[in-house]
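So the structure is just underneath, and the comments pick up after that.
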């Protein structure tokens, strides 16, 4: 792979580093009241465009084939939106006795409260050859659930650190998240064929807008001299995020592959990625709304910014390993079924 191809493939990760660097060099550009006017362009326009874009790209018509796998869906959504937040809360309770920045620990709780992403879990499930329909359903359904459940979890585990009332938060979420998403789906219903032919890069558009949100978030941080982060806390967070993902992947694999769960090997693949991945695209805009004006918002965002590339890199490394396991498990099931048929 050439250098140019590597840059093109990893442009978003490079973009995150670049916008954080630019924010460090001149934070006044992206702060509230600065030239970019993030209190308008980000708070309302950028967030709304991201979710309108999600509504346009969400292929709800493809979910019908997976709709009846209720037990699998309950497992994924229950694991990612109920069990994971509780497990992360227990971990944070232990880490509070360490010297890690309390704002990064709050960021770990934020990661636990996030819904599954729309794309990465589906891409990895497809690469392995797992149950892609189930992955699409749970990514889409989890995103819809996340619009309501994630803000509730954030307020439950962290509390609102701004002066914005509870109902005001949900009012803004409705106007900048739910309404654009629904409008996007309506537009898609009328122009589905035209959108498909146009081959619009929805993922790249959302990622580019997300870089603007990340930039303004870190401009606020670097303009606040009290929001510095020490090296130990940062490195510890990277290690903790990696270990959390390894534990969650191992746990979902072990439980979902047990015979008494009755899941197919292809189902286990979808469960592993959908139940452990967390959405950056939904997460950052929601944090911007729930914790708008918070002096340490970008520090709270750091674990999620680390979790996103880590889940992609770790998942990519696991693709050949998980694929080999799935093919062997399917072969064993086929041989066992054949022997039982011959015996009968």
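Every residue, even glycine, has its Cβ placed from backbone N, Cα and C.
As annotated in TrEMBL, transmembrane segment covers the listed stretch 70-91 rather than the other ranges in 70-91, 268-289.
Sequence-distant neighbours of the transmembrane segment (41-58) (same chain, 6+ residues past either end, Cβ-Cβ under 8 Å): 118, 140, 143, 175-188, 195, 200, 202-203, 205-206, 209-210, 212-213, 216, 281, 285, 288-289, 292. Distant neighbours of the transmembrane segment (70-91): 108-109, 111-113, 115-116, 131, 134, 137-138, 141-142, 145-146, 149-150, 153, 157, 240, 244, 248, 252, 256, 263, 267, 270-271, 274-276, 278; these residues of the same chain sit at least 6 beyond its ends, with a Cβ under 8 Å from one of its Cβ atoms.
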